[in-house]
Amino acid sequence: MTPTDLTLAGARDALAKKQLSARELTEAHVAAVEAARPLNAFILETPEQALEMAAASDARIAKGEAGPLEGIPLAIKDLYCTRGVATTAGSRILEGFRPTYESTVTSQLWRDGAVLLGKANLDEFAMGSSNMTSAFGPVENPWKRKGDNRKLVPGGSSGGSAAAVAARCALGATGTDTGGSIRQPASFTGIVGLKPTYGRCSRWGVVAFASSLDHPGPFARTVRDSAILLRSMAGYDPKDSTSVDVPVPDYEAALTGDLRGLRIGVPKEYRLDSVPEAIDRVWQQGIEWLKQAGCEIVELSLPHTRYALPAYYVIAPAEASSNLARYDGVRYGLRQAGDQALTEMYEATRGAGFGEEVKRRIMIGTYVLSAGYYDAYYNKARKVRTLIANDFRAAWEKVDAILTPTAPSAAFAIGEKMDDPVAMYLMDVFTVTANLAGLPAISLPGGLSTDGLPLGLQLIGRAFDEETVLRVAGVLEEAAGFQAEPDFVAGR
Amino acid sequence: MSLIEGETGSWEMVIGLEVHAQVISESKLFSGASTRFGAAPNSQVSLVDAAMPGMLPVLNRACVAQAIRTGLGLKAQINLTSVFERKNYFYPDLPQGYQISQYEKPIVGNGTLTIDLPDGSTKDVGIERLHLEQDAGKSLHDQDPLHTYVDLNRSGVALMEIVSKPEMGSAEEAGAYVRKLRSLLRYLGTCDGNMEEGSLRCDVNLSLRRPGGPLGTRTETKNVNSIRFVQQAIEAEARRQLEILESGGTVVQETRLFDPKRGETRPMRSKEEAHDYRYFPDPDLLPLELEPAWVEELGAGLPELPDDKKARFLADYGLSTYDASVLVAEQENAAFYEALVKGGKKRDPKLAANWTITNYFGALNASGETLETAPVDADKLGGLLDLLADDTISGRQAKEVFEAMWESGKDALTIVEEKGLKQVSDAGELGAAVDKVIADNPAQVEKYRENPNVIGWFVGQVMKATQGKANPGMVNKLLKDKLG
């Protein structure tokens, strides 16, 4: 077995048993990253840094001081600020920006021994569901439809991270999920993506899109690998006022495989006529597997679900319009101006620095916060948000986790759905509810579409109950036995 | 209420003030950077203050405590839940592109400030609210002919915006309001009140109306930075509005600036004010929840505040309201006075107040010294008052001695001895002098028989003969006895 075919847990164990060195593991992944360049999954490759970090890992392993992620090569979504390493947020406006600081989540990963392979491509400022809005070009999904050579999108916004993990370039990756940006690409690329509870992973040092909805979280190819990564990424951070001070459990230990007596909710509002039949079939299959595992299936109503997407597309742009005001050409990044007056400098810089989708959302956000429209849009959306959180609160009286499909479609072709922004926004229909309510949710591959593309299943859990989510996901993963491989695997 | 007499009848001013007070704290409202004044440009800027990507605000509890203490000092309602919101606008000295402020739910609600008017009366002015917000940086337009420079040292420093109700009716009342507020903030140690350094800035809302009539349209004159300018800006803006209204025009609701050189207000360029701030709750910060026990603890730790001190001075020392107001305006002055009254032997509080206000503060002002640097302290001044009280020296001599004390820093007794100024109260010695003056001036004695007022001439002669050392009271008595 080549090192890139190992799971993260497998590589960890092989390193511990000295069957493999961190250098060998990293070299294999550096080569894979290089081989996978046609996917455009990375904005920046950091092979030299990766090898240095691997050498340091080997030294620590030799001294018996290995951390929980010692020597594990990861892709980092280029929304995480990394000290001394260019950070772009997928935007031209951060041109030349090299942070002097390291995000809390990545510094915890390095503390635990992980290795930085590079900065993964993403939709500009994480705004998108296809990775088509990146200023650094689209990412290609390593999967292709059966008998169809058209390039597919990996989903978004964490498209580069998902593609890198799916194509075996990295053992895991970080993503961020504001409306589905971890789970939807995980579904499109046949891997596992976990969005933890709001406040579980620090947002400090992660470029903000919509602060109340942004969730850092991991990608990996297995549920166990996700559990291992989450343990390192999670934790209270006094530098993030929305971080929550609760202990971080050993998530891997939660994978007991025993679901007996658990109640799983199946919400009727997630059954949409417009959704392809295969997605429903995979969902039904998931329900069956859980029944067989001893779960009680509970039909459920989350009555305000249909208002979630519109509320999300008010709140997220509103926050974004304010969060992105700091990119003004004054202190860092792009400045487009000679000796022009101030307003012209702002306009030229932001006009040139931001792409179309970012501009659209800034305009929507500015509009919904404007005098005279605030109550009709922003305030109403906040009320909807409360109602959605209440729906879930009521559901937790009856169930321990909720099972739904992750996305309303499989991966689509690059160029499809590009002319209608609203069609793209519909990609988030099943995922935004967990962001609005701040609940942990995971996507794992449940099966294939009729044309051979992966389809994800989503599990949503109680706040700070990632353990149940992971435990159920582990059993589903086992039952699904998802063995299909993408069209492109690095090094093959 | 002072009325303005126009040609079409009288008008009254309606004035409300918004004061921005810089909070005394070690570090900024949402970052650990220092707040020290006068540091090299951009030397006190954290990643948060510069709004670097991914940076997040963390609320400084010390600033919250200061706001609560100020609220308690204003006898105001403390809101146990308050919310930080973003006020969005673009400006180079505002790195985030928004100011974190409080809007719908401020930390402090309704309160009262009792202002002291020159005639000794007081007036209660309502406080609408107090909220916490970040200061902006500073744009420097005078460093380069073509470019504007930005200094972010002040960016993120905590401010309290204290908003009065529109309950003042004259420039005098507005001045008294700012003076009293500044005094209160200094007592509380929540703001140094230094208007020149910009730690206290004032926006003036003003409108005119017919007495008792409905409110008129107001204007807001921003960033007035001294009490004198506040009063001048009010007079100028009231004159301007009066002219408009008297000639049948309408006042436009707008933001204006006061130009102290020309003594007039002028509108800000419309670009500077055409803002829709798009306030919304800052999603990076949770609502601020206060523990009632903490608020109580802060309340218990407040010092004696000016109004209470004034009431005590009136009751304990029998001072006039004017004297009491002057003495309590600054905490150090009040402390000086109390040290003077309570030090040494039993001292007359009224005499002590007179000497403190007229002579001592007069000398401070004239010399530019402060209480810390002054050559005479409460102890030394007390020594002088004691000599005055036991008739060792006369009032006129006391003034001379005080001047010498201020010059030399020596104590009163030393100077009295050095100058031989001791008042002569010995009956024998004075009697001899009186006898001699009477014997030498028979013509004057005749005049005295016709007009007893001539006694003043005799007193003057005796004082002259004793080089001014004679106890004037005793001289008077002896003369009366001997002249019959």
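Cβ atoms here come from the backbone N, Cα and C positions, even for glycine.
Pulled from TrEMBL, these are the features on record:
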type     : residues : note
DOMAIN   : A:24-470 : domain 'Amidase'
ACT_SITE : A:Lys77  : active site, charge relay system
ACT_SITE : A:Ser157 : active site, charge relay system
ACT_SITE : A:Ser181 : active site, acyl-ester intermediate
Requested in this report: Would you find the one among the active-site residues A:Ser157, A:Ser181 whose Cβ has the most company, meaning other Cβ atoms within 10 Å?
Outcome: A:Ser181
Report summary line: A:Ser157 (active site, charge relay system) to A:Ser181 (active site, acyl-ester intermediate), Cα to Cα, whole Å, comes out at 5
Report task. List the residues of the same chain that sit at least 6 positions away from A:Lys77 (active site, charge relay system) in sequence and have their Cβ under 8 Å from its Cβ, in sequence order, or write 'none'. Result -> A:Lys119, A:Ala120, A:Leu122, A:Ser158, A:Gly160, A:Ser161, A:Ala173, A:Thr174, A:Gly175, A:Thr176
Requested in this report: Could you tell me the mean pLDDT over the domain 'Amidase' (A:24-470), as a whole number?
Outcome: 96
